Amino acid sequence: MALGSFKKVVLGSVAFAIFWILAVFPAVPFLPIGRTAGSILGATLMVIFEVITPEQAYDAINLPVLGLLFGTMVVSIYLERADMFKDLGVLFSWKSWGAKDMLCRICIVSAISSALFTNDTACVFLTEFILKIARENNIRPEPFLLGLASSSNIGSSATPIGNPQNLIIAIQSRISFGEFVLGLLPAVLVGVFVNALILICMFWRLLSDVKEEEDALEELIVQEDSESGPQQSAEESKGQLNRWERLSRKLCIYLGTVGMLVAFLKGVDMSWTALTTALIFVILDFKDAGPCLEKVSYSVLVLFCGMFITVDGFNRTGIPSSFWNLMEPHARIDHASGIAVLAIVILLLSNVASNVPTVLLLGAKVVASATAISPSEEKKAWLILAWVSTVAGNLSLIGSAANLIMCEQALRAHPSYTITFWSHLKFGVPSTLIVTAIGLALVY
């Protein structure tokens, strides 16, 4: 795409800058309106400034992503009602060696979940659970939340269904599911380990000063006994009936979630699969769904709508394309310095224009450049693009939608549970650069 007119470039850059500032500093003194309102403001300015037309703005909204988010949010609410978080708490606390061990377990589970459910879904499912873990261990949730989001981003690069940009790459490259996994799995495994190690080193003192709980599993059992004991002694038969009803409902919800995962793996449309699963849970509950639907983070959905429009408008200025045209001669993958330059370009564009637009913008260009060198380099070029564009999400708070989902849901749960742009950047820069570099050596 050629560079747009002077007016379009300037006004589009202004609108994007306002969106970016409010995404980074949601409580900025001169306009403390928050990320969600900031994204809508950026989108509206793109239309007012005539960078994009209203029709183009509507087209920019990615309905499949919104459907997937909404569906998984509803599913997560019913999983919470089925005590999934309590069950996970038992699993995480089983023979736990402390906060550092807990952080490692969170990183591993987040990575696996994101590879199978997508990184956004993993953060939707696990954020509240992470906050509960932090409260149980009497620790600030920051290391656990960073572990969740960063490991979800890294783990999601392992499969074509891990994130939207991987799905685009898999479709355009026609790389099979197995080849995709085998090509990136070594980098993912090492990346998750290194990322967890960086987190432990950065928060060593905080994690070491935690006053550990006696035994979370025993505490949960005692709590359940104390709550249910008197009721069972008073109405034992009714209590047994309610217990079997709860167990059967939990089993149905767990089986439905597994079915949703299987459908994802079989390539069924993820958005409609998630929405169908959510609807099945609503019907099985056989109650007014209003109270459950009220728990959906609608502000996150609105945030995404504004972000889609703003990013699309910025891409239409031609600035990202012009930047690539400038860097392309120095970003060839036939030598180490070229791979390094390409990785830096992808990292920067993914954090400025978002990773999905970056893949759409660079995919054909990167592969054409690689194929010109050797046809055998095509697959490697696609996998490098998948790896770097995904891990780039860990660089800054706005580098990945999963980061924003985690941050907004944590903030919604408690005003003090927030991760600032700078606190994330302090961890994100070293982690992203180290993990990206190590992974590039393992991608094949």
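Including glycine, each Cβ sits where the backbone N, Cα and C put it.
What TrEMBL records for 9-27 (among others) is transmembrane segment. Note on the transmembrane segment (9-27): residues 3, 33-35, 37-39, 41-43, 45-46, 49-51, 306-307, 310-311, 313-314, 316-319, 352, 396-398, 404, 421 of its chain, located 6 or more positions outside it, place their CB under 8 angstroms from a CB of the stretch.
Look at TrEMBL and you will find 21-392 tagged as domain 'Citrate transporter-like'.
Outside the transmembrane segment (60-79), and at least 6 residues removed from its termini, the chain residues within Cβ reach (under 8 Å) are 52, 85, 117-118, 120-121, 124-125, 128, 164, 253, 257, 260, 269-278, 281-282, 285, 292-293, 295-297, 300-301, 304-305, 308-309, 311-313, 405. Per TrEMBL, the feature transmembrane segment maps to 60-79 (among others).
Residues or ranges marked as transmembrane segment in TrEMBL: 180-204 (among others). For the transmembrane segment (180-204), the residues of the chain that approach it from at least six positions outside its boundaries are 100, 103-104, 107-108, 111, 115, 142-143, 146-147, 150-151, 154-155, 157-160, 166, 170, 379, 383, 386-387, 391, 394, 426-427, 430-431, 434-435, 438-440, 442-444, judged by C-beta separation under 8 angstroms.
Taken from TrEMBL, the feature transmembrane segment covers 251-284 (among others).
Feature annotation from TrEMBL assigns transmembrane segment to 296-315 (among others).
According to TrEMBL, the transmembrane segment annotation covers 336-362 (among others).
Look at TrEMBL and you will find 382-405 (among others) tagged as transmembrane segment.
The transmembrane segment annotation in TrEMBL covers 425-443 (among others).
Take the transmembrane segment (296-315) and the stretches 251-284, 336-362, 382-405, 425-443: counting Cβ pairs under 8 Å, 336-362 has the most.
If you take every residue in the domain 'Citrate transporter-like' (21-392) and average the pLDDT, you get 83. Long-range contacts of the transmembrane segment (336-362) within the same chain: residues 20, 163-165, 168-169, 307, 311-312, 314-315, 320-321, 323-324, 327, 330, 384-386, 388-390, 392-393, 395-396, 398-400, 432, 436-437, 440, each at least 6 residues beyond the stretch ends and with a Cβ under 8 Å from a Cβ of the stretch.
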